[in-house]
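Annotated features in TrEMBL:
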type     : residues : note
DOMAIN   : 118-698  : domain 'Choline/carnitine acyltransferase'
COILED   : 137-164  : coiled coil
ACT_SITE : HIS422   : active site, proton acceptor
Amino acid sequence: MILFQQVCRESRKVLPRATTTVANGTLRSSLYQNFILQKHPLSNWTQPTTKVTNHKGCPAAARTFSSTAREDVYPVTMKPWKVPMVESNGDYRDEAFLERDDEIGGPLYRNQATLPRLPVPEVKDTIQRFLPTALPLAKNEEEAKGLEKACEAFLEEAKVLQERLLHRANNEMKDSSYLQLYWNTLGYLQVRDSVVVNVSYFFQFQNDSTLSKSRPNIERAAALLYSTAEFRKEVCAGALEPEVMGKAQIPLDATAFKYMFHACRIPRKVQDTYRIYDPSRHNHAIVARKGNFYSINIVDDAGDPLPLSVIEEQLQQCIEMADDLVVPRPKLGILTSTNRDNWADARGKLIQLGGEQMERALQLLESGALMVNLDDSDLVDDVECSEMMLTGRKQSGDNRWFDKSIQIVVDNNGLAGTLSEHSMMDGMPVVRFADYITSFTYDEVKQRSTERSNEASYQVVDIFGEALMNMDENPLRELESQAREEFHQNIGKQSTSVVTFENYGSNFIKKSKNPPDAYAQLALQLATYRLFGEQVGTYEATQVRRFLHGRTEVTRAVSFESAEFVKSMGRTASKEPHPEATKEKLELLRKATAAHASYSQMAAQAMGVDRHFFGLSMQVDSQDAIPAIYSDPVFNRSKHWRLSTSNLSHPRIVNWGFGQVVPDGLGVGYSIHPDSLKFNISALAETRWTPKFAELLVQSLEEMAIIASSDMEEQPISKL
C-alpha cells in the first residue's frame, strides 16, 4: 500500500492515489551562491552504539539507551561554571574551556583531545573526485571541455591557495577545524534571511497511545519534559556517554551538545551570536501558549526532574493564564521570524522601551532549558504536521521563539515533535535527544515519576507580563504588524508534499543487493530526471563528526553511473520491460548504487570536494585573480543544489523535513524503514513541483522494484 496524501485546500477532498497537501512557505537561504552553501541537519542516522545511563538508573526499555546505575561510574552532578553565560561569535573554541574537568568535563568530552583534525585534501584528488560528479551536467561537449580546462588550470592556480589553507589548518586553527569558523559564520550567523525554513528543521514523533482523551496535550508535553530533564542532566553534567560510530567504534565530536540546552541565537547586525547559559543556575523551561511565554520549573536544585504531576500542574496553569487573557498582548515571538537585521533592530527597540525589565525577561526566556509550544491546533495529516512543526503556520507562528536551539511542539491532541535552530548544532545530537525522550510513553513516565510528600510549590512566571504592563504598546504593535506581514508572505510561498511508500523498504532493498540509502538516492535521481528532463546538482548531507569540530560534507548524488541509469530508464515509465533491457538496467542500477555508496564513504572521511573548494575560495585575497573554475557554468551548476536531501531513519521519528535551498529547487528529507520509505518534499508553491515530484517518485520506486527483483528467486513485493 502507498500512503501519499495531498489534501486539496479548497475542498478538503482527498484525491485518489496521489492527493497532495500543498502549503505555503518561505525560501531557504543560498548565501555565498558562488561557493557554497547547503546546511543539512542530518546525515544517514543509524542507531547509536553507545550506552547512555539515566541518572536514576531507570530502564530505557532496551531501546536505544540501556540504563544501569551510573553513580559508581561517574557522579551525575552539574558543576557551576566560572561564568554565568558564554556568548559565542561562531567559533567553537569560545566555549571549549567548558570541556575541561574543572568545568563540565566528564565522559561526554573524554575523546575531544584525541579526535583527529579535519584533513585538507590534495587539490589533485579533489579535482579527480569532482569531475565525475559535474561532467554529467554539461549541456554539450563545449561545456565539458571548458570544465576540464578550468580544472587543469586550477591545479596550478590553487597552489598558493592550498598553501594558505594548510597554514590556516596547522597554525591559527590547529586546535580546531580549518573550516568551522567559516562555516558557522558565513553559513549561518551572518546570513540575514529569516531562520524560519531557511535554517530550521523539524521532527514529528510517533504518537503516544497511552494519553487520555481529557488533556492529551498536557500529558504529552509533561512526559516529554520529564524525560528531557533526565537527558538534560546527563548532558549538562558531562555524564552522557560519547557517541561512537560503526563496528570500529570511531568516536564522534561532542561539541554540539553544549548548544542543546539553555541555548539561544541572539540577533545582531551583520552577524548574530549564540548564548549558552550555565545550567546549574537555571531550573526552568519555557512554555509558549497563544503567543504568550511562561517560565516553569522542570528540575529541582540537584538537577533531578520534578514529579510528573508538578510539571503537569504548571503546564495547566500556563494554558489557563494564556486562555484567560481578556485583552490580547503584543505577540513578541513573531519578531523572531523576521530578517535578522530587522529582528536585531526590534530586539534593541524592546530593550529601549522596556528597560531592565524587558532585558531580564529576554534573558529569562533565552536561558530556559528549551521551549515547549502548546499550540491551539488540531492537526489531521502529515502535511499539516510538517507545516506546523516547521513554521507554526499562520495561526501559530507567534507561538514560537525561532531562535531557541530546541523547541518541542505539541498540538491539542498530543501530537508532538521538535523544531530546531541549527546554526551551531547539526541534527545528529538532536536525534539522540529525540530518541531518548520518545523512548517512554506517558504511562511509563508516570510509573517512573516519584511523588514527594514535601514537594515545594512552584510558581509559573509570566515572562513578559510585567514588562509589557509598563510599556507603551503602540510601537510594539507596529513591530508585531510588520513582522507578521513578512512572516505570512514568506510561509505563503511554500509548498509541501509527503509520500509514505509502503510497498517495500530496506529489507527488500538489501535482498536486491543494493545499499538502501544509495537506492533511495537513485529513486530521487530518476524522479528528478523525469521532472526536469535532466539531472541537477544534488546534495546529500554526510556527517564528519569523527573529526574535531567537524560538521558535514556533501555526498554528491550525480555521477557517470547515475546518469547512465536514469537515461536507461527514460523520461517515461516502461509498461512492458524487455527481459534483456531489464537485465541491463539491473546492472546499471547496481553500479550506480555502488558508486554512490563509495562517494558517501569518502565524504564521511572528509574527502568530498565541496568543503575543500569552499575553504580554498576563502583564501583568495582581494589582489588575487579568482580562479576560472569558480565562474565555470558546469562547476556552478553542479553545486546549485536544486535537489537537497538528507536521510534520517528512526523508528519513532515518523516524519521530518526542511526547506529547499534555492528558488528553483526541492528539499527532501527522507526515511528508510524495514518495510516502507517516507519522503517529505518542499519547494516554492509557484513551481507546483511537489505533487508532481511525489508522483514521479512513487513511479520510480515501483519501476526500480521490478528491475531490482528481476534476478531474485522470489519477489517480496505483493503488489506494485
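Cβ atoms are placed via backbone N, Cα and C, with glycine included.
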Local confidence of the prediction over the domain 'Choline/carnitine acyltransferase' (118-698), expressed as mean pLDDT: 97
Cβ-Cβ under 8 Å with the coiled coil (137-164): same-chain residues at least 6 beyond its ends: 120, 123-124, 127, 130-131, 534-537, 558, 616-617, 619-620, 624-625, 627-629, 632-635, 637-638
Structural state of the residue listed as 'active site, proton acceptor', classified by DSSP into three states: coil
